[in-house]
Amino acid sequence: MGKGGTLSESVVKKILLSYAYVAIWIFLSFTVIVYNKYILDKKLYNWPFPISLTMIHMAFCSSLAFLLVRVLKFVEPVSMSRDLFFSSVVPIGALYSLSLWFSNSAYIYLSVSFIQMLKALMPVAVYSIGVFFKKETFKTESMLNMLSISFGVAVAAYGEARFDTWGVILQLSAVAFEATRLVLIQILLTSKGVTLNPITSLYYVAPCCLVFLFVPWMLVEYPVLKETSSFHFDWVIFGTNSLCAFALNLAVFLLVGKTSALTMNVAGVVKDWLLIAFSWSVIRDTVTPINLIGYGLAFLGVGYYNHSKLQALKAKEAQKKIAQADEEAGRLLEEREAEGQARKSDSP
């Protein structure tokens, strides 16, 4: 086969691998969300202890991350001083623990489909907090885009059959804490040249989460668990659930590493629609037409947001290529001038 055919095969292989990474991430993200709902929902497994579940995940992820980083040397640990750890990683760990605690708590009160609709507010929260911390530039066009997403989510909330105010407060708080965490990663780590992949993130952040969650666990859930003498730790349920949560982090590592963060955002939209369909058809959650209209509007807003991000990335790459070309042209010009001067000095 000719060179063109080989190139075609390599391109097809790359595309197929990208789709495989996306499919693995969607499957694992889908599985973790449904599994957490199954464990926490009082009508299903009936173990409504979100802090305990989050702590089990963090203990499992901490152990496996330590094994991958320190024992198996799967990834290299990041060079980090004590001051950097306490000033940067610890606040991020605190926000992550709150985000996980509140998002898992929301499964007790809200349907899977409605939670996915509320999560569409993530770009709004990230942009707003980014503007507050001066990491994003305020633009009227961007703000109108955020308002359109918010309006869509508000319509979806209006049409929600199982609306629960406390559940909505928990999920919106989780979105706010997660958005703040993402912005602080840029401010506290990325700006200092520290880059953490999902494995090294878990290696540093998961133990912090475990420590932060211990106090609310002792105050809120431990007394109830202590009174429930009939409870026995189900190694199969919690073991497989924790393994899925850790595998999801590895899938993020693969997806972002082999494609891009933008691909994950787009894949996230597909996953949300699949979860809404699953929630309606299998779990038998009520999804109203107003729900779908509202989320459809939010979906269009999120789609436009992702499109804008893609255009911005393309423009940045184009500027980088122009700068590199200019630098190369300048270097060649300097070399030619140097050669010309050398010839003049050599001539009698």
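Cβ atoms here come from the backbone N, Cα and C positions, even for glycine.
Automatic, uncurated: that is what TrEMBL annotation is.
Summarising the annotation, TrEMBL assigns domain 'Sugar phosphate transporter' to 20-306. Annotated transmembrane segment per TrEMBL: 16-35, 47-72, 84-102, 108-130, 165-189, 201-220, 235-255, 262-283, 289-306, in sequence order.
Highest Cβ contact count with the transmembrane segment (108-130) among the listed stretches 201-220, 235-255, 262-283, 289-306 falls to 262-283 (criterion: pairs under 8 Å).
On the 0 to 100 pLDDT scale, the model's mean across the domain 'Sugar phosphate transporter' (20-306) is 88. Between the transmembrane segment (47-72) and the transmembrane segment (235-255) there are at least 3 Cβ pairs closer than 8 Å, counting only pairs 6 or more residues apart in sequence, which means the two stretches are in contact. Against the transmembrane segment (165-189), stretch 84-102 shows more Cβ pairs under 8 Å than any other of 16-35, 84-102, 235-255, 289-306. Within its own chain, the transmembrane segment (289-306) is flanked in space by residues 113-114, 116-117, 120-121, 123, 145-146, 148-149, 151-161, 262, 265-266, 269, 273, 276, which lie at least six positions past its ends and keep a Cβ under 8 Å from the stretch. Annotation: stretch 84-102 has the most Cβ pairs under 8 Å to the transmembrane segment (201-220), among 16-35, 84-102, 235-255. Long-range neighbours of the transmembrane segment (235-255) within the same chain, counting only residues 6 or more positions beyond its ends whose Cβ lies under 8 Å from a Cβ of the stretch, are 21-22, 24-25, 28-29, 31-32, 35-36, 39, 45, 53, 56-57, 60-61, 64, 197-199, 201-202, 263-264, 267. When Cβ-Cβ distances below 8 Å are used as the criterion, the transmembrane segment (84-102) is approached by residues 50-51, 54, 57-58, 170-171, 173-174, 177-178, 180-181, 184-185, 188-189, 192, 194, 204-209, 211-213, 216 of the same chain, each at least six residues removed from its ends.
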